[in-house]
Amino acid sequence: MEYIAEGFRAAMELLVSFDPQVYTIIFLSVFVSSTATAIAAAVSIPLGIFAGISNFRLKRLFSKVLYSLMSVPSVIVGLVVAIGLSRRGPLGFMQLLYTPTAMIIAQALLVFPLCLGLTYSLSKNRGSEIERIGKTLGAGKLQVIILIIRELKAELFINVVTTFSRAISEVGAVMIVGGNIKGHTRVITTSIAMLNSMGDYPMAIALGLVLLMISFAINAVIYSLQEE
């Protein structure tokens with residue numbers, strides 16, 4: 001038990017002293033996950049609302065496929081992106097493998113179905129009434145989508161925050177496409193996995209505490225929005 005207590009003490013020292021290595025990892029993690037979430041949300045929210053309020057022949061099949069994609073393992077997404085960005089892959093000429101850009105691409109593809117599914121479910125259940133009111137006022141399809149975004153902005157923000165929590169907590173995809181390179185592609189989750197295998201518990205605990213605080217902050221935001 002002593003080494004655990006020592007690990008926590010050393011972890012707090014690393015955080016309080018603003019250790020450059022720790023905070024480089026933290027900032028990169030937040031940047032990659034935030035960018036990936038923003039890209040996924042920008043595409044999935046309008047698309048999810050459009051699909052939710054529209055009636056088309058294969059809507060039931062679309063729902064089943066979408067909800068299945070929401071649970072795709074992160075390592076599968078990472079593998080697909082790595083193959084696509086490898087030297088012999090179709091996008092190999094871009095030389096993006098083992099860069100933060102590759103990590104953003106992988107995370108965006110990973111969380112896109114989640115944000116799309118949450119938005120689709122929300123708009124399917126609550127968007128019809130808003131659509132009816134909008135059409136009564138003479139709004140077109142695009143105007144209806146904008147109206148739904150405005151009326152359901154709190155719920156949509158919760159969806160985005162949930163998507164971000166999925167992005168920042170995953171390890172498989174970023175490990176594969178990023179390579180966990182020190183000072184370049186090393187993020188919180190990949191660092192914790194590596195440090196644990198090396199027996200460097202103080203640094204692992206420090207990063208674990210940061211990830212835990214981010215998780216608590218996300219849950220606090222979601223709870224406060226749901227209470228409003």
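Including glycine, each Cβ sits where the backbone N, Cα and C put it.
Here Swiss-Prot flags 25-45 (among others) as transmembrane segment. Within the chain carrying the transmembrane segment (25-45), a Cβ under 8 angstroms from the stretch's Cβ atoms is held by residues 100, 103-108, 110-112, 114-116, 119, 149, 156, 159-160, 163-164, 167-168, 174, 185-189, 191, 207, 210, 214, all 6 or more beyond its ends.
The domain 'ABC transmembrane type-1' annotation in Swiss-Prot covers 26-222.
As annotated by Swiss-Prot, transmembrane segment applies to 65-85 (among others), with the evidence given as sequence analysis. Long-range neighbours of the transmembrane segment (65-85) within the same chain, counting only residues 6 or more positions beyond its ends whose Cβ lies under 8 Å from a Cβ of the stretch, are 91-92, 94, 96-97, 102, 105-106, 109-110, 113-114, 116-117, 120, 170-177.
Residues or ranges marked as transmembrane segment by Swiss-Prot: 102-122 (among others). Using a Cβ-Cβ cut-off under 8 Å and counting only residues 6 or more beyond its ends in the same chain, the transmembrane segment (102-122) has close neighbours at 32-33, 35-37, 39-41, 43-45, 47-49, 51-52, 63, 66-67, 69-70, 72, 74, 77-78, 80-82, 85, 96, 152, 155-156, 159-160, 162-164, 166-167, 170, 173-174, 176-178, 185, 187.
According to Swiss-Prot, the transmembrane segment annotation covers 144-164 (among others), on the basis of sequence analysis. Packing against the transmembrane segment (144-164) from elsewhere in the chain are residues 33-34, 37, 40-41, 45-46, 49-50, 53, 111, 114-115, 118-119, 122-123, 126-127, 130-131, 133-135, 218, 221-222, 225-226, 228: each is 6 or more residues past its ends and has a CB under 8 Å from a CB in it.
Through the fold, the transmembrane segment (203-223) approaches residues 7-8, 10-12, 14-15, 19, 21-22, 25-26, 30, 158, 161-162, 164-165, 168-169, 188-189, 191-192, 195-196 of its own chain, all at least 6 residues removed from its boundaries and within a Cβ separation under 8 Å. Positions annotated as transmembrane segment by Swiss-Prot, on the basis of sequence analysis: 203-223 (among others).
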